[in-house]
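Straight from Swiss-Prot, the features:
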REGION    1-43  region 'Disordered'
COMPBIAS  1-10  compositional bias 'Polar residues'
COMPBIAS  11-23  compositional bias 'Low complexity'
DOMAIN    724-784  domain 'Cullin neddylation'
CROSSLNK  K738  NEDD8 cross-link
Amino acid sequence: MSLPTKRSTFSAASASDDSSYSSPPMKKAKNDLHHSPQHPNTADKVVGFHMEEDPTPAAANLSRKKATLPQPTKKFVIKLNKAKPTLPTNFEENTWEKLQSAIRAIFLKKKISFDLESLYQAVDNLCLHKLDGKLYDQIEKECEEHISAALQSLVGQNTDLTVFLSRVEKCWQDFCDQMLMIRSIALTLDRKYVIQNPNVRSLWEMGLQLFRKHLSLAPEVEQRTVKGLLSMIEKERLAEAVNRTLLSHLLKMFTALGIYMESFEKPFLEGTSEFYAAEGMKYMQQSDVPEYLKHVEGRLHEENERCILYIDAVTRKPLITTVERQLLERHILVVLEKGFTTLMDGRRTEDLQRMQTLFSRVNALESLRQALSSYVRKTGQKIVMDEEKDKDMVQSLLDFKASLDIIWEESFYKNESFGNTIKDSFEHLINLRQNRPAELIAKFLDEKLRAGNKGTSEEELESVLEKVLVLFRFIQGKDVFEAFYKKDLAKRLLLGKSASIDAEKSMISKLKTECGSQFTNKLEGMFKDIELSKEINESFKQSSQARTKLPSGIEMSVHVLTTGYWPTYPPMDVKLPHELNVYQDIFKEFYLSKYSGRRLMWQNSLGHCVLKADFSKGKKELAVSLFQAVVLMLFNDAMKLSFEDIKDSTSIEDKELRRTLQSLACGKVRVLQKNPKGRDVEDGDEFEFNDEFAAPLYRIKVNAIQMKETVEENTSTTERVFQDRQYQIDAAIVRIMKTRKVLSHTLLITELFQQLKFPIKPADLKKRIESLIDREYLEREKSNPQIYNYLA
């Protein structure tokens, strides 16, 4: 584009103006105050341009070998004399009269006599000629007069609150519409005057300030509005239908005016607190806990929805907190005392989940955790301490633990603190009766691992073992469990009564993982003995002694047991039939020839046999203990024998013989008849072979009463455990003192508690220390009896 001529440049400069704001395009007015539109590049008062003296084309310069230096240019400066336009007579008064008429028409909801474009231009013209400040004040005055009158019209109205609120809403909506219309006309005022004067409010803010001012001057209107809003909200809480749109509009009015917090929120929260305080007391008395918790959950949902629909979001947190405080915090203890035990007993997982969720909202989970701990301990104590139900104790504990696990997972969301509470409480309750739970858990496992559990699959048995292992973890006296478990395992292995060898080994593997190899060393040794015994028996059958010396018609299998692995069995004398004595002697000869230097001792009380018997109604096989077999074989030579005759012939210890005869003559399978009849065997009783015995099965198991655990046997097992504990305590004391040489009583007791894995009382430890002093392993410091010295 070529440079403009001097004339065109001058024209552009003369068209410039001091105003920095542009106005909408419009036609030229009659008073000639409107200027032509400005050119965007001619706003400067001084326009400079230059001309080159040698206008040689650029192409010619490029063709030269050496470029010439730039030639100096001549600069022309043109100064402009701007003519200031003059205002027509009464311009300001006429323009304001026009605008005032329009503003009043807007407030009176009448038709405006002028088109909006001309009104906009009128405001623009006033601003252009520095009359914007006065115009702002005039508009503010008009607005104030109207707003004051509008709000005063609401004073003294004795209408229904809902009608009154509708009128307030109408007043507010009219105000908003009117202020927006006025702002659209006076937009130039907002864009220029307000921006240039930071202390001046926009027209909208000015209107809000006036509305707020005159609302405060009409306190009756504000107070009735707040009262009406609170009344409507309370009605809605009481399940009455209300106009939520009206509520929303009026609350937005309070927010827009900046009086929401002071005028509405404060009384609203106070009223909410009073409402729910009364409701909480009423419902707590009338409802059970599940219903009450559902009600609280519903109320919290309602209030949250209320905040979404019409209450300002800023109120949500204090509102929900108020509801939680009045419906939950105030009633935590009552809820727990009144309903927690019922919910736990009924396994009400959904209601417990609701309780946990609600309690977490008010930081009351610690109270819930304590209630859970108390419940577990009290309920478990009833199970453990009821001696009449010892038979069902373990199964009851398993069922109780299973239900707690379900509640923990489904209701308490696997909360770690709650899980630890259940574990700690279970450990407490299961050790309330010293040693007995450990013994019963071992017995329970014996029942499950014993052959005869029909309908139990390998998977089900494995699941039971896992669950029992959980109880085992809680036991403090694991040595008691080991003693009884080992005794029962021995019977299962020796009598061939294990339901599954794989299950037996699986359980030992679990115990090994739980307690270490030292705990299961003897149990594993028992299995090794059984496996080795099978090999020894096979080798014996192939030996020359067996082929040439064994009596015919008898098959015999021997378990060779390592004394250190197996329980201690008291020796019991018995006169065996000649055939069995021969068999034992031949086997002993074979074994000692193979394993020289060893010693065999027969435990006849553990033997069992299968006898073939001829009855008048058919042949039968009788599965009996060795003692029962010895007694029955006497009747091959006599039809009737007295108690004394049998005792002399067998040499069985008196109590054991009475139990044996009782099982043969007084039990379900009566292969002997006792005279006189009765449940107990007395001196002088006579026994004869029951030739008329009949049974549907060919092989019959005669319950061996003497093989059932007696009170004496239980006591003996427990005493052995206590004796072993004393040895362990003595060894621990000597081990510690040998390392420390000198130690105080308090520190010694502390270290013993750390090292010993079974429960022990300080008084018992003191007795063991005294015993070691008597045996000269330790001595007291002469100057201080509380100090012990180790004696090498």
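Each residue's number is its place along the chain shown, starting with 1.
Placed from the backbone N, Cα and C atoms, the Cβ positions cover glycine too.
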Sequence-distant neighbours of K738 (NEDD8 cross-link) in its chain (C-beta under 8 A, six or more apart): Y790
Confidence summary for the domain 'Cullin neddylation' (724-784), mean pLDDT rounded: 83
Secondary structure content, the domain 'Cullin neddylation' (724-784) (per DSSP, counts of residues): 41 helix, 6 strand, 14 coil
